[in-house]
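TrEMBL annotations:
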type: BINDING; residues: A:His91, A:Asp93, A:Glu112, A:His129; note: Fe cation binding site
Number of protein chains: 2
Amino acid sequence: MTDRRANRLEQALRDAGVRVTRQRSALLRVIAAAEDHPDAAELHARAVTAGAGVSLATVYRTLTTLQAQGVIDKLEFQGEPARWEAADQHHHDHMIDMDSGAVIEFTDERIERLQAEIAAEMGYDIVHHRLELYVRRR
Amino acid sequence: MTDRRANRLEQALRDAGVRVTRQRSALLRVIAAAEDHPDAAELHARAVTAGAGVSLATVYRTLTTLQAQGVIDKLEFQGEPARWEAADQHHHDHMIDMDSGAVIEFTDERIERLQAEIAAEMGYDIVHHRLELYVRRR
DNA sequence: GTGTTTGCAAAATCTTTGCATGACG
DNA sequence: CGTCATGCAAAGATTTTGCAAACAC
């Protein structure tokens, strides 16, 4: 089922003239199956566990490629290695529970609208944004 | 005038039992005088230019110390080395002009309020947050 | 075929740290 | 003076890259 999604992504890559190698295919599958936000080392470990022979260098190169294709998003939380998530979901921001480390996704249309408004007032268009709430259970 | 602010900060450090060394004093002055958002290497360069003998390792250690004292804030924009700013200003967020690299500060009470509201609804208190708008002139 | 991608190991970048020496309070 | 801070150089952590071999299309 996540494989169906991975297959769709592979086709998109081929259509964009990007070669679908064994390694890229494996990584697409790992990313499509991930329900969390893994970093490069974790994705590498999962790919290897899944039986894919792939080097860490290739993982990094592939992540860059997939990001350029708009297939995945890069998350850079404070001081951690970068994490990644599939991009084919609806837009959302992140809330990080500082005690458990859990990452919670959320969206708020009002905030989105305000951001665009503020940028526009100053003569800018938003290319992308980053909103992270570092929180603690009350 | 920024020296007055630096002196005030030095006193606060002493009161907190933190030694005010020649190096820390110099860095406080450089930070108080900065109108931009320099990284560690840049702060080091400015301190050295100002005639202070200080090593890069000490700059890093000092930044950590000053942050722990709540005197400076750490900014981590996408993929760049960390930047720093004096903390004794009113809270604000950052807009990054992707073409010029300029960092623009802004605040919006409505966004602040919404963030707190969203966190509260999910049973959390915000410890701190990060809002960055990556923008382009329209 | 042939231009891309991979693996490996080496390098780049930013940041932290161990240890002997020096200096603040 | 005792303790804490510094400098240096070496190590850490993450990410990038040069080059020859392997592979997708």
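Cβ from N, Cα, C; glycine included.
Remember, TrEMBL labels are computer predictions, not curated facts.
Contacting chain B by the Cβ rule (under 8 Å between Cβ atoms), the binding-site residues A:His91, A:Asp93, A:Glu112, A:His129 reduce to A:His129.
Neighbour counts of Cβ atoms within 10 Å were taken for the binding-site residues A:Asp93, A:Glu112; the minimum is at A:Glu112.
Classification of A:His91 (Fe cation binding site) by DSSP places it in coil, neither helical nor stranded. Of the chain residues outside the Fe cation site list A:His91, A:Asp93, A:Glu112, A:His129, A:His92, A:Thr107, A:Ile111, A:Gln115, A:Leu131 have their Cβ within 8 Å of the site's Cβ mean position. Of all the binding-site residues listed (A:His91, A:His129), A:His91 has the fewest other CB atoms within 10 A of its CB. According to its DSSP assignment, A:His129 (Fe cation binding site) is in a strand.
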